[in-house]
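Taken from TrEMBL as is:
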ACT_SITE  H402  active site
TRANSMEM  80-101  transmembrane segment
TRANSMEM  116-135  transmembrane segment
TRANSMEM  156-173  transmembrane segment
TRANSMEM  179-198  transmembrane segment
TRANSMEM  310-329  transmembrane segment
TRANSMEM  413-431  transmembrane segment
TRANSMEM  443-466  transmembrane segment
Amino acid sequence: SACVLEPRGSRVHHAGSLRDFAVSAAVSAEVWQAAARVDGGELLGAGASSVKGLLWVLACHWDLDNLLSSSSGYSNYRGILNWCVVMLVSEQYLSFLYGILVDPIQVVSLFLKDPYSWPSLCLVIVANVFALAALHTERRLAVGSISENVGSIIHACNLLTILCFPALVVLMVSSVTPVGAVFALSIYTILFLKLFSFRDVNKWCRARGRAKAVPSGLKKANGEMVPSGVCYPANLTYKDMYYFLFAPTLCYELNFPRSPRIRKRFLLRRLFEMVRQPRVLLLSTGPVTTLRTRQLSFQDMDYSRIIERLLKLAVPNHLIWLIFFYWFFHSSLNVLAEVMQFGDREFYRDWWNSESVTYFWQNWNIPVHKWCLRHFYKPMIKRGVSKWTAQTAVFLASAFFHEYLVSVPLKMFRLWAFMGMMAQIPLAWLVGRFLRGNYGNAAVWISLIIGQPIAVLMYVHDYYVLNYEGSP
């Protein structure tokens, strides 16, 4: 029967899309000679005479290290140098140190109104219901007790409820704090993307025959790959589901690349970074404290004062974003991956060298980029949609989720995040058309410093005006 081939340990080169598969002892030489090199998700090639059917590639994860890890061998930090130049020039005009030394207690107390109430934690616990609903729906589909159409309707209702249910709870329950709401909605957004991928991959398995993964055994910096293979529908277990839910990825596979051991020194370093960096992050939250200490809304200022205020707050906010990026994508995700022995550590690429806005969005958040490419962009292309329309649709979806994660927790709808994301489309065209090399890279850095951070600051300002202006 047809089978799903998920190569383990396959090295992916950033500059290209073709993948070279290693020869496994478990697979005959005839099969590998017959296999064609094609992007993941496409037809691999016709099997040899000893193999019936077709070989398909569903894998989108490979055993890769972070670029900032010493084991990756990466050394191109030209974009970081350009960022330093931009920051040095901006320091003269944006008051680089303005609002850095603050009392972190004031920042926390701005949002945490009732520390003894935990409705957000209850929301996270209830999220298990939706995951189990998706799992049992797939089990029914695997044995044929329900049709594909009925299964699609159940999955669609389940996914729609995942987005609507927590939003309604946050908007209706007054005891939900903004910080708790952001946490809960982030969990539900991640769950939505994971279950969407879970549904698609299992549907592909049913369409292409009973699937089986055949891993390879390439040597990696974090040890030999652990050979393991799971056939569909044997993957529909609680263990498999919850491993996927906690794994640092949004794209589902029957067999993920696994490392054989936990590197204790590496884990301790990342844990130390996780504990230390939040303190630096709190000490860098100058924008919130500045708005509270000044107690002056934009309605009382002219346009020049508004621009001056936003520019002064943009750089500290940008530093907060950089610290958060390193804390989340390098420290936190590596801790999670190391504990779970998850082999694919490519959570980001060299986005700091971006010479175009498009390259930045393709490389700064690899888990989201893989999901958009695999489950949104490529399916639209296969249906005959133009590339420009598909790219615009991806930005629209991203803009929706940005707005969803900001407006709902703050219980106010200003569309700053949505407009900030959609503004990336004309910005990408302008930078790609008129700027090249270091100029393009500097333009990307400037857009990061004064672009989306300003949208975040607008929300902070509006939230302060609605909730704290006029209070003693």
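Using the three backbone atoms N, Cα and C, a Cβ is placed for every residue, glycine included.
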Among 116-135, 310-329, 413-431, 443-466, the most Cβ pairs under 8 Å with the transmembrane segment (179-198) come from 116-135
If one takes Cβ-Cβ under 8 Å and requires six or more residues beyond its ends, the residues near the transmembrane segment (116-135) are 154-155, 158, 161-162, 165-166, 169, 173, 175-177, 180-181, 183-184, 187-188, 191, 195, 198-199, 236, 238, 241-242, 245
Excluding its own, the Cβ atoms lying within 10 Å of the Cβ of the residue listed as 'active site' add up to 19
Beyond a gap of at least 6 residues from its ends, the CB atoms lying under 8 Å from the transmembrane segment (413-431) belong to 356-358, 361, 391-392, 395-396, 398-400, 402-403, 405-407, 440, 443-444, 447, 451-452, 454-456, 458-459, 462
